[in-house]
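Each remark here refers to the structure printed beneath this line.
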Amino acid sequence: MRAALVAVAALLWVALHAAAWVNDVSPKMYVQFGEERVQRFLGNESHKDHFKLLEKDHNSLLVGARNIVYNISLRDLTEFTEQRIEWHSSGAHRELCYLKGKSEDDCQNYIRVLAKIDDDRVLICGTNAYKPLCRHYALKDGDYVVEKEYEGRGLCPFDPDHNSTAIYSEGQLYSATVADFSGTDPLIYRGPLRTERSDLKQLNAPNFVNTMEYNDFIFFFFRETAVEYINCGKAIYSRVARVCKHDKGGPHQFGDRWTSFLKSRLNCSVPGDYPFYFNEIQSTSDIIEGNYGGQVEKLIYGVFTTPVNSIGGSAVCAFSMKSILESFDGPFKEQETMNSNWLAVPSLKVPEPRPGQCVNDSRTLPDVSVNFVKSHTLMDEAVPAFFTRPILIRISLQYRFTKIAVDQQVRTPDGKAYDVLFIGTDDGKVIKALNSASFDSSDTVDSVVIEELQVLPPGVPVKNLYVVRMDGDDSKLVVVSDDEILAIKLHRCGSDKITNCRECVSLQDPYCAWDNVELKCTAVGSPDWSAGKRRFIQNISLGEHKACGGRPQTEIVASPVPTQPTTKSSGDPVHSIHQAEFEPEIDNEIVIGVDDSNVIPNTLAEINHAGSKLPSSQEKLPIYTAETLTIAIVTSCLGALVVGFISGFLFSRRCRGEDYTDMPFPDQRHQLNRLTEAGLNADSPYLPPCANNKAAINLVLNVPPKNANGKNANSSAENKPIQKVKKTYI
């Protein structure tokens, strides 16, 4: 019994701790958009465009696509057709592409790189039917004219789906891509400098996700096969690498190689004795500057996932630029022999000047420093997460995180500021979240998921996100897939479902506050927002305010958002190639859920964007949290254990029989009689004979005596003479 209780207690402890880790933070609001609420740009509707956001130019976006660069207005996502740039591959290049085994869709010119050289000139690079080319265009008389054309190998990928990045800084293009048709020669390039060819210690099958400049450095974020783990198996780690802007290459034979290339691991993990790692970086934000726990820091937010053959896990981690720079000033990591462990290099073995640093002229560096940095590009210390743990974790078999965009330091009426995170998934969703403890602490995480928005059709991944800040309340989030570009508002504070102060404050949305004068939920763009907390009620940290009359008493939960709507709206002037399989049954659906563990659940039917109530099309399903299910399971186990123990005890008492004394062997009977009062005789050392009513057995022969007929009881029925057996031997 004791062992069983110990086992159940251990099960309870493990279940509660597991539930505490895997319990996803529930969104406060679910939103599914209809046609009237979404601005959409479709581009080429007959073929896949492979849209890629390339540049923001004042109030327009430059988007790379199939044979075209679109210039799209940020106001309404309409195209400035007079500024469109078309660039098709030549017939000879397409024929050569076909001979290499590629399809017609592959053998097009997908624009992947664009950089503004000055106000009237741009640099554009495209895949050009798997033979990359670059061009300089100049704006003359309202039209773009080609100034020059040159090979784009090392600047642009061959495949439009390849994970490549590029940035233009101080008149130089820095690219991270592949330099061959098969994609087996990855490189970080700025002519004429590149990383080492076929050196797994520098780049080992990388997937680049972002490039940015900071001070005198260019930073590259990517994931790759970990060379330091290769003796134990195969694993993918997330990396941040840097090069110096003014690196001129090394002396002599190192003239076309980086002398400042270093890389570190990014550590996004759930802390503990055995941390759980999210090893594969998918996207990063730009550098965000803000106030965190009273300190001004510059952060980068990143999206990380588990491997595709692991559990479906995604996380968002933040890293400070200070920690990244410190990791590059720390010890190097090396493997002395092929079978040795990767260990930190002792400081006495590091030459002077320290390898990897930015110098005035890298061509004057001694050979020992250049050789050292060539073979010791990996740093020993990983870059830790800023808040000591992930800001948001999602464990889901339905989707993984793909992209992130951040609206930095959104001000609230009480003077605080929060970074609002917009996270795209591979299932067409956008999750809006924040760390409500970020203003008060730099080492605490209190995750809040404000909204979960089904922006794209289910199964269509979000390829890019971009926050557009405009005057007034016209700011928006641009969502990009391969085939369409959409723009949505950053908030839904004015929804007619938010009817009172408690519901507005419980959203914990920095964009929204309750207006005590107008008695409605007001957005951040309100002209009176500067009145502050004297007029507006908001509490991002707790999600409740005493001015609202206490804690909310009910939870407003709508039916599950349909994932495969089948009805198709009519009269829509534009249609996506996915539109036939994804048309919402209602124009707009918003579901508000107050996240409170002590509330009484209630339901609310779907409401369209005009505010009219519609009957619910689905039966409302109860919602159970992980804690509730865990408690129910453990309680059932304990109950079953107690009932089983009591039943077994009663059954054993009922079925217990009388003592069995008629044993077949005399020594066993003597042993029992010796222990009884009648058989005990202290004066005699011998056991008294026991009475036996049965006939005596001859112990010598072990047979009973003959019967009345003179025959032994065990003898055969007839006594016949024994005949000799005749044997014949052959």
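The backbone N, Cα and C atoms fix where each Cβ goes, glycine too.
Cys268 is paired in Swiss-Prot with Cys317, the candidate among Cys232, Cys317, Cys358 named as its disulfide partner. Per Swiss-Prot, the residue from Cys97, Cys107, Cys125, Cys358 that shares a disulphide bond with Cys244 is Cys358. Candidates considered were Cys97, Cys125. The record in Swiss-Prot pairs Cys107 in a disulfide bond with Cys97. Checked against Swiss-Prot, the residues Asn163, Asn714 yield a single entry marked N-linked glycosylation site: Asn163. The record in Swiss-Prot lists a disulphide bond between Cys504 and one of Cys521, Cys548, namely Cys521. Residue pair Cys125 (disulfide bond) / Asn163 (N-linked glycosylation site) shows a Cα separation of 15 Å. Relative to Cys521 (disulfide bond), the recorded positions with Cα atoms inside 10 Å are Cys493, the candidates having been Asn44, Cys97, Cys493.
When Cβ atoms from all protein chains are considered, those within 10 Å of Asn539 (N-linked glycosylation site) total 19, not counting its own.
In the three-state DSSP scheme, Cys97 (disulfide bond) is classed as helix. Taking each Cβ in turn and tallying the other Cβ atoms within 10 Å, the top scorer among the disulfide-bonded residues Cys97, Cys134, Cys268, Cys512 is Cys268. Counting other Cβ atoms within 10 Å of each Cβ, the lowest count among the disulfide-bonded residues Cys125, Cys493 belongs to Cys493. For the pair Asn360 (N-linked glycosylation site) and Cys244 (disulfide bond), the Cα-Cα distance reads 10 Å. Rounded to a whole value, the Cα-Cα separation of Cys358 (disulfide bond) and Asn163 (N-linked glycosylation site) is 28 Å. Sequence-distant contacts of Cys244 (disulfide bond), defined by Cβ-Cβ distance under 8 angstroms and a gap of at least six in the same chain, are Asp216, Phe217, Ile218, Ser260, Gln357, Cys358, Val359, Ser362.
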